[in-house]
Amino acid sequence: MASRAGIRLTHGRSPLLAASASSSRPPPVLCLRRSKPKPYRRHLPVPLWRPLAPRSSPGPSSSSYSTGISSPVASMSSSSYEKELAAAKKAASLAARLCQTVQKALLESDIQSKADKSPVTVADYGSQAIVSLVLKMELPSEKFSLVAEEDSADLQKDESQETLKRITDLVNDTFSSEGTYSISVSVEDVLVAIDSGKSEGGPHGRHWVLDPIDGTKGFLRGDQYAIALALLDEGRVMLGVLACPNLPFTSIANLDGHSSENQTGCLFSAQTGCGAYMQLLNEPSAAKISVCTTENPADASFFESYEAAHSLHDLSGAIAKKLGVQAPPVRIDSQAKYGALARGDGAIYLRFPHKGYREKIWDHAAGSIVVTEAGGIATDAAGNNLDFSKGSTRGHQRTNPIFCIPSVVLSNGTPPILCQISASLFLFTFYRNK
Ligand SMILES: Nc1ncnc2c1ncn2[C@@H]1O[C@H](COP(=O)(O)OS(=O)(=O)O)[C@@H](OP(=O)(O)O)[C@H]1O
Ligand SMILES: [Mg+2]
């Protein structure tokens with residue numbers, strides 16, 4: 001089947017997507033009966049919070065997230081990744097603590113510019129060092145491979161020595177303020193820890209995948225960002241953790257990443273076959289979460305990148321309109337979108353990077369398992385599963401994209417929405433590439 005913009009239309013894993021995309025007749029965008037549009041509401045109605053059992057096997061019995069009150073997880077089921085998940089949660093939580101410290105009193109000298117002109121801060125480096133150190137301490141007997149966003153090349157320059165000292169102090173202060181680890185690291189230890197993230201990943205063995213600050217621009221604005229950590233085993237994401245220090249604990253639907261709730265800081269976690277969970281950062285109690293159950297696009301709200309440079313807002317807006325979505329887009333940075341989707345704040349995440357952009361595995365690995373374990377679907381625009389087995393796509397010179405472009409994440413796999421999105425995507429990719 002011919003492809004447009006690199007999208008293989010017939011190879012989709014979802015029969016619905018493939019069926020509508022490969023039809024020679026006009027896609028059935030308007031063939032589904034739509035209920036009368038409802039008035040715009042700032043808050044989702046209560047029924048949308050109703051828990052939906054994940055498609056995968058149920059996890060431990062616990063109450064579902066509903067109104068912001070969490071209830072204890074009974075006990076995590078005996079999975080082979082339990083130890084790794086506990087280590088990942090510790091690492092991401094501690095890294096979040098360092099990021100929060102930096103964000104509260106950000107210095108001009110804390111921000112630098114990478115070769116691709118994107119910003120990087122002492123918190124990105126500090127977070128990566130902490131995650132690397134904690135994983136190694138918690139899992140000493142395991143072969144360690146980490147695919148992570150940052151490296152220490154810029155920090156090794158003479159003019160960066162003050163910055164490196166600041167990062168080292170932040171790492172030590174974070175460890176001592178938390179109290180679990182009585183260690184003190186040197187600048188050399190920090191450089192080694194950061195550069196442990198140079199693994200290439202790939203289809204074999206186990207690889208940790210880390211974005212130490214996903215959404216650095218959001219972090220600098222004081223908005224959303226996430227520490228995103230996942231474990232790949234034989235090319236598949238087996239667990240994922242998202243620490244979102246600025247994400248309100250209650251719904252952000254239609255609120256552009258903000259809410260009146262003053263409790264903020266969420267830790268999302270998921271492991272394959274065990275469901276997805278959310279807890280307040282630094283609180284032990286977790287509650288099972290589920291994607292929203294709406295089948296009617298008029299009731300659905302959709303998420304997209306805050307940055308117009310990261311995703312084509314016009315295109316997603318046009319698709320949303322075609323679908324009959326009434327609510328304005330919720331634009332937030334980072335994989336906090338995946339976390340918010342997983343707990344049902346919205347129904348759809350549309351993502352259309354500009355032509356030529358190659359997605360990085362650390363920008364989607366953790367988020368995608370959180371959404372899928374919450375009962376959602378994360379695919380590219382052709383309905384293919386996201387492929388995390390082809391390496392990192394590090395930098396811009398690599399040629400192994402993990403997704404077709406554009407990519408799209410659907411949180412709710414119920415047929416009406418899936419079918420309509422599929423049809424709309426087909427139309428829009430067709431017109432976009434004409
Ligand atoms: N050029 C380009 N095109 C599309 N998407 C891009 C691009 N550069 C970065 N990203 C996405 O930016 C988000 C966070 O990336 P980073 O952790 O590198 O931080 S930064 O905000 O870009 O500084 C994260 O997604 P969103 O926050 O959803 O936009 C990345 O996947
Ligand atoms: Mg980053």
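The backbone N, Cα and C atoms fix where each Cβ goes, glycine too.
Cross-referencing Asp363, Asp380, Asp387 with the Mg(2+) binding residues that TrEMBL gives (Glu149, Asp211, Ile213, Asp214) picks out Asp363. With a cut-off of 8 Å between CB atoms and residues at least 6 apart in sequence, the same chain places Asp124, Gln128, Gly197, Leu210, Asp211, Pro212, Lys360, Trp362 near Glu149 (Mg(2+) binding site), listed in sequence order. Under the DSSP three-state reduction, Asp363 (Mg(2+) binding site) is assigned to helix. Among the binding-site residues Asp211, Asp214, Asp363, the residue whose Cβ has the fewest other Cβ atoms within 10 Å is Asp363. In the structure as shown, the Cβ atom of Ile213 (Mg(2+) binding site) sits within 10 Å of 31 other Cβ atoms.
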